[in-house]
Amino acid sequence: MAKDQLHVLNALDVAKTQWYHFTAIVIAGMGFFTDAYDLFCISLVTKLLGRVYFHVPGSGKPGTLPPRYSSAINGVALVGTLAGQLFFGWLGDKLGRKKVYGLTLMLMCLCSVASGLSFGSNPNSVMVTLCFFRFWLGFGIGGDYPLSATIMSEYANKKTRGAFIAAVFAMQGFGILSGGVFAILISAAFDARFPAPSYEDDPIKSTIPQADFVWRIILMVGALPALMTYYWRMKMPETARYTALVAKNTKQAAADMGKVLNQEIEEEQPQGVEKLGTKTIWGLFSKEFAQRHGLHLLGTASTWFLLDIAFYSQNLFQKDIFSAVGWIPAAKSMNAIQEVYKIARAQTLIALCSTVPGYWFTVFLIDRIGRFAIQILGFAMMTVFMFALAIPYNHWTHPENRIGFVMMYALTFFFANFGPNATTFVVPAEIFPARLRSTCHGISAAAGKAGAIVGAFGFLYLAQNTDPKKTDQGYPPGIGVKNSLIVLGVINLLGLFFTFLVPEAKGKSLEEISRENEDDQEEEPSIV
């Protein structure tokens, strides 16, 4: 039997779009801004670190990070993110969203700055210190996933909820662009102030001593926008749904949301405070949860896992794309600062042309055509383009066909973001009960990050040439790029099929889609 909706929750569901909605998007989105900024800049940083700390005298090529350090710098952040998603997702349901929300942001800001201050007596100790702080940076970033998504979903009205949650995630796009623009500006300024010859002209002087400041500045600046929103995070009231449905304090929920909505909200509820949620006390590992939401959790976790395998694998192609269209000359023809500038410019163009538009297509259309349609479309188009790249792979390797390859590659990124990369973030924040919402989102996100680890590192080995003589140094033979692309196409197709486990949440209240407004008659004791 359905329960009557609480006045405060109904007021949130039917509220018109107001200034506080946009304020919440910016406050919640700044964590993702820092996340994307860090992920974008680390590829620039690793190349510069190789030149600064691992120069090989007499080598015809600039220094590069050893594979163990390159993998570690990226890997520890992903592992930290996975751990943070699980821990803070659980903590957000136990203590409340607000109580731990500021902690994640402060952890990100402190570790971003500390990463730039990584020092040591030798290159190895610098790398170890950097990896240490990047793990805790990832831990803070991981906590922001379930908390930001849950807070935004619980603040939003049901008509535009999907767009608001997607807009929080789309702040990653601004993080990518800001990171690129700042890297362009800082490298241009250093190159103008400290001109240096190319590596092939003078291997030693091509990496100026001041280059050690460049990567540190780039890493640390990412903390500033997030730090500026810390005060406002602390000023945000606890979400009404947590206060009313989990903490059972409808009076406080009505008072908090009355201030936010600038209207008076009645605090009484039809069935009384003492009855609120008393029959839906089953937990995450209960039979009742498995019956109601087990397949939903499998759907959100599996689709995010499969999506991130493909999505993070795609990023490995960027260096080949840049070289194919002539955006980046050979490393030895540039000095260290010029290489940062060229790569930042190329990555910014890719983001501007495909990544960012994909995010905002989702924001504008998610509440019109629904989450399910966008996710199905995204996985379907990613599958089509992946097979179109893989099956005639030899065709795309010819110089005259490389522009077509770039376009197909960009479209794959576009449909990842106008598709499952956004919807896998949105849906887990909508379909689970309030007392388990943050936990379930954290589990789904952690599954995605596990997929990212598989994609980022497994694909490096998988894509190696089948000929042992043609593999990258330190890697065993793989199945080749063509066969790897076919594998990714199959993974995208699996993601499409698992999408059918996820319900549509468009236009429904959170209590309706999670069935929190229903009595659990199975909990009633029976007298025999």
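Cβ atoms here come from the backbone N, Cα and C positions, even for glycine.
TrEMBL assigns the feature transmembrane segment to residues 69-88, out of the candidate ranges 69-88, 309-328. Cβ atoms under 8 Å from those of the transmembrane segment (442-463) belong to residues 71, 74-75, 78-79, 81-82, 85-90, 92, 142, 145-146, 297, 300-302, 304-313, 315-316, 424-425, 428, 475-476, 478-481, 484, 487-488 of the same chain, restricted to positions at least 6 beyond its ends. Residues 21, 24-26, 28-30, 32-38, 40-41, 44, 148-149, 152-153, 155-156, 208, 210-211, 213-214, 217-218, 221-222, 225, 337-338, 340-341, 344-345, 347-348, 351-352, 355-356, 359-360, 362-364, 366-367, 422-423, 425-426, 429-430 of the same chain, all 6+ positions outside the transmembrane segment (163-190), place their C-beta atoms under 8 angstroms from a C-beta of that stretch. Scored on C-beta pairs under 8 angstroms, the neighbour of the transmembrane segment (348-366) with the top count among 69-88, 100-119, 213-232, 372-391, 403-422 is 403-422. If you look at the transmembrane segment (100-119), the same-chain residues 6 or more away from its ends with a CB under 8 A from one of its CBs are 30-31, 34-35, 38, 84, 88, 91-92, 126, 129-130, 133-134, 136-137, 139-141, 143-144, 147, 151, 215-220, 222-223, 226-227, 229-230, 233-234, 236. The predicted model assigns the domain 'Major facilitator superfamily (MFS) profile' (24-507) a mean pLDDT of 86.
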